[in-house]
C-alpha cells in the first residue's frame with residue numbers, strides 16, 4: 001500500500017500556476033473543438049487571473065481539431081500525418097483560446113516548443129525570458145508542442161511531459177493536470193470497485209507506476225505519463241495536482257481550498273536554474289552505467305561522479321555534452337555535463353583518481369561529472 005502524506009499545502013497560496021487541459025476536455029467527443037467547454041475553461045482561468053494568479057496554459061486539442069477540418073475518421077498513426085493535422089488544428093485552437101479569453105479582457109500569446117528548444121542552453125534561456133516577459137505583462141501564454149517540426153526521436157511525447165518541463169522552466173508554484181479521471185487510485189477502479197482515490201502522495205514513490213493505466217484514443221497521455229510528469233515537476237520543487245476536468249468549476253474549487261483529485265508533493269528543494277535545464281534533457285548524448293557505490297555517493301551524499309564508479313560507457317559524446325547516469329538495472333540516477341569525451345571516459349572508467357593523471361598524461365578535472373553540473377533523479 002502506498003504511503004499517503006498527511007496534510008496538504010494551501011493551494012490558494014500558489015501564485016504561478018501551469019494548467020494543462022487534455023484533449024477530451026476541449027473537444028466534442030473528438031468532433032473538433034467544443035466552444036462551450038473552452039468558454040467554460042476561459043471563465044475559470046479568468047477568475048484565477050483576476051484574483052492575481054499567474055496562469056500558464058498548456059493546451060491539447062490541435063490534432064483533434066485538425067482531424068475534423070480534414071474530415072478524418074480516425075487519428076493518424078504515422079508522424080507526418082499527425083504533424084500535418086497538428087499544424088491545421090493549431091490555427092483553430094489558438095484562435096479559439098484568444099477569442100474566449102479576450103471576452104474577459106485577457107490577452108494571450110501562442111508559444112510552440114520542441115525538445116530541442118529546452119535542450120539547447122541558449123534557446124532554453126531565451127524561451128525563459130520570453131515567458132517571463134509575457135507573465136510580467138499579464139498575458140497568458142498558450143503553450144503546445146511544435147509537432148510540425150518535432151522528430152519522433154526527440155518529441156516530448158505528450159503535453160503532460162511538456163507541462164511539467166514548463167513548470168520547471170517558469171519556476172511554477174503548482175502544476176495542475178486536468179483529465180477525464182478523478183486522480184490517482186490505490187488500484188485500477190475499472191477492475192476494482194473498492195479502489196480508493198488518494199488525496200495526497202509523494203511524487204517520487206515508485207509504487208505509483210504500478211497503479212497507472214493507458215491513454216485514450218484522442219490523447220497520448222494516460223495516467224502513467226501524468227505520474228511521470230508529476231515526478232519531473234517534483235524535481236524542480238513543483239507539486240502537481242491531477243484532477244478531473246469533468247468536475248464542475250474544478251479550478252475555482254481547488255484554488256478555494258476544496259480537496260479534489262490527487263496532490264503529488266515533492267520532498268526536494270527546488271533545483272538551481274542550471275540543474276533545471278539539465279533535468280529538461282529527455283534525450284542525452286550518451287550514458288554512463290555506474291556502480292552501487294557511485295549511486296549512493298550521488299543520491300545520498302550529493303557527491304560528484306568519479307571515474308572509479310563508472311562501469312560502462314555507452315554512446316559517442318564530447319566533453320561538455322549532457323549524458324545520463326544509470327544504475328546497473330538501467331534506472332536513471334542523474335544527468336550532467338561530462339568532463340571527458342566518450343573516448344577518454346572509456347579509457348579511465350573504473351580507475352582511481354591517482355591513476356587518471358597517469359593514464360591521460362595531463363592535468364585536468366578528476367570528476368567525470370561535477371556535482372554542480374548534475375541534476376539528480
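Heads up, the Cβ atoms here are built off N, Cα and C, so glycines get one too.
What you see is a predicted model, and the numbers here were worked out from it, not measured in a lab.
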Among 15, 20, 349, find me the residue Swiss-Prot lists at the same ATP site as 179, 180.
20
Pick the one from 60, 244, 247 that Swiss-Prot also lists for the substrate site with 147, 159.
60
Predicted model, mean pLDDT over the domain 'PUA' (285-363):
93
Roughly how many Å lie between the Cα atoms of residue 147 (substrate binding site) and residue 20 (ATP binding site), rounded to a whole value?
17
If you measure residue 20 (ATP binding site) to residue 159 (substrate binding site) at Cα, how many Å is it?
7
Binding-site residues (147, 180), the one with most neighbouring Cβ atoms at 10 Å:
147
